[in-house]
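See structure below.
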Amino acid sequence: MPASSTPPQGDERATLQRLLDRGFPWMRFPAELEARFQQDMVAQRLQHFLLSGIVALLVYNGFLVVDYLMASDVFWLALQIRLFVFTPLAAAVLWAYWRWGPRILAWRLPVLVEGPVLCSGLMAAASLAFILSSSHTALSHYYHVGFIVVIIYGNIVQRLRFWMAVPFSLLVLAMHLGGIVVLDHMPPRLLGPIVIMVVATIVFTLMANYALERDERRHYLLTLREKALVQELAHTHARLMELSKVDSLTELANRGHFQDYLQQVWRRAAPDRTSLALLMVDVDHFKKYNDRYGHPAGDAALREVARVLGSNLRRPGDLVARYGGEEFVAVLPQSSPETASQVAERVRQAVEGLQVRHEGSSTARVLTVSVGVAHGVAGNLASPEALLKQADQALYQAKREGRNRIRLLMQP
C-alpha cells in the first residue's frame with residue numbers, strides 16, 4: 001500500500017489513531033489527509049484500472065453473443081455500438097493510461113483516473129439501454145438483467161470510490177427504469193422481479209464497495225501510523241546516539257566521541273601526511289574553586305569555559321570535547337603550529353577575561369586555564385595517542401611553569 005514519503009508526527013499521528021479508533025463512517029478523512037490519501041492512491045488505482053479495464057472491454061464485446069441470442073433484431077446495431085463506438089473510445093482511454101501513465105501520476109489528480117472509469121461504466125449502461133429500447137424480441141425483456149453486470153463492474157470490479165459508486169448506481173438504475181418505460185409492453189409479472197434483482201444488486205454491491213473502501217482506508221492509516229512510529233523510533237535512536245556523544249553538563253562532545261573523532265581524523269590525514277594539532281585545556285586550581293564556592297558554582301564555571309572554547313574553535317572539522325573533570329581537549333585538523341598557538345592564547349585570554357572570581361587560586365584572583373598545544377603530522381607519529389600524550393606533556397609543562405599560560409610541543 002503506497003503512502004506518503006513524509007510520514008506524520010505529533011498531532012497528525014494522534015489524528016490517525018483517533019480515526020482508527022472511531023472509524024470514518026462517512027468515508028472521508030479530514031481535508032488535508034483526504035487529499036493526501038487520494039493522491040497516494042493514484043498510482044495503485046491507475047494500474048488496477050488499466051488491467052481490469054482491458055479485461056472488462058473484452059467481456060463487454062463478448063456480450064455480442066448475448067445480443068445475437070436475445071436481441072437478434074438489432075444485432076447489427078449492437079455490433080456497431082460495441083465495436084465502432086464504445087470500443088474505440090475505451091481503447092483510447094486505456095492507451096492514454098498506458099502511454100501517459102507517468103505524466104498522470106506526476107499531476108497527482110485523482111479525477112484523471114476516477115473520472116474516465118465512471119464515464120466508461122455509464123457509457124456501457126447507456127449502450128445497453130439503447131440496444132434494449134430498439135429491440136422488440138420477446139427475449140429482450142430478460143436482457144434487462146444485463147444492468148446487473150454493469151453495476152458489478154463499477155462497484156466491485158473497478159471499485160469506484162463509495163461516493164462515486166452511489167450516483168453511478170442510481171444513474172444505472174435510472175437508465176434501467178427509463179428503458180422499462182420505453183418498453184411499455186414488458187409483462188408486469190416480469191417487471192417486478194427484474195427491478196427487484198437490479199435494486200438488490202445495487203444494495204449488495206454498494207455494501208461490498210463500502211467495506212472494500214473502508215478496509216483500504218484503514219490499511220492506509222495503519223501504514224501511515226507504522227511509518228510514523230518507525231520514523232519516531234529512528235529519530236529517538238538518532239537523538240540517543242547524539243546524546244551518547246555529548247557531555248550533559250557542558251553540551252560539548254564527550255571523551256568517547258572525541259576519541260572516535262580523533263581516530264577518524266587521523267585515518268583521513270595519514271595517507272597524505274596532513275598536519276593536525278591538539279589543545280589540552282585545564283582549569284587552574286579547580287578543586288579549590290569547588291571547595292570555596294560549591295559544586296553548582298563549579299558547574300557554572302565549567303559551562304562558561306566550554307562556551308569560550310566553543311566560540312573560539314569554529315572552523316569546519318574542529319571539535320571541542322570535555323575530556324574529564326575540569327579538562328577539555330580540542331582537535332584542529334590541518335592546522336599549523338602558529339595557528340594552534342594563536343587559538344590557544346585566544347582561549348586563555350577569553351577565560352581570564354570572564355573575570356570569574358577565584359580567591360582560592362594562587363595564580364590569579366580570577367578563573368584561568370592552562371593550555372598544552374601539540375602539533376604533528378599524521379603518519380610520522382605512531383598513533384593519535386602519541387599526539388595526545390604530547391599535548392598532555394605540553395599541558396604539564398604549562399602548569400609546572402606557573403599556570404595561566406600556553407605551551408607548545410611539536411613533533412620531534
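Residue numbers in this text run from 1 along the chain shown.
Cβ coordinates are placed from backbone N, Cα and C, and glycine is handled just like the others.
The annotation domain 'GGDEF' is assigned in TrEMBL to 274-411.
What TrEMBL lists as transmembrane segment is 49-69 (among others). Residues 75, 78-79, 82-83, 86-87, 90-91, 93-94, 97-98, 101, 113, 116-117, 120, 124, 131, 139, 143, 146, 149, 153, 157-158 of the same chain lie 6 or more positions beyond the ends of the transmembrane segment (49-69) yet place their CB under 8 Å from a CB of it.
Under the heading transmembrane segment, TrEMBL lists 75-97 (among others). Panel annotation: around the transmembrane segment (75-97), residues 46, 49-50, 53-54, 57, 60-61, 63-64, 67-68, 104, 116, 120, 123-124, 127, 130-131, 134 of the same chain, lying at least six beyond its termini, place a Cβ under 8 Å from a Cβ of the stretch.
The feature transmembrane segment is assigned by TrEMBL to 109-132 (among others).
Within the same chain, residues 56, 63, 66, 69-71, 117-118, 121, 124-125, 128, 131-132, 165, 168-169, 172-173, 175-176, 179-180, 183, 186-187, 190, 194, 197-198, 201-202, 205-206, 208-209, 212 sit at least 6 positions outside the transmembrane segment (138-156) and bring their C-beta atoms closer than 8 Å to a C-beta of that stretch. Per TrEMBL, the feature transmembrane segment maps to 138-156 (among others).
Residues or ranges marked as transmembrane segment by TrEMBL: 163-183 (among others).
Taken from TrEMBL, the feature transmembrane segment covers 189-212 (among others). Within the chain, the transmembrane segment (189-212) has long-range Cβ neighbours (under 8 A, six or more residues past its boundaries) at 27, 141-142, 144-145, 147-148, 151-152, 155-156, 159-160, 162, 165-166, 169-170, 172-173, 176-177, 180.
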Field: Secondary structure content, the domain 'GGDEF' (274-411) (per DSSP, counts of residues)
entry: 60 helix, 40 strand, 38 coil
Field: Residues from the same chain, set at least six apart from the ends of the transmembrane segment (163-183), whose C-beta lies under 8 A from its own
entry: 27, 114, 118, 121-122, 125-126, 128-129, 132-133, 140-141, 144, 147, 150-151, 154-155, 191, 195, 198-199, 202, 205-206, 209
Confidence summary for the domain 'GGDEF' (274-411), mean pLDDT rounded: 93
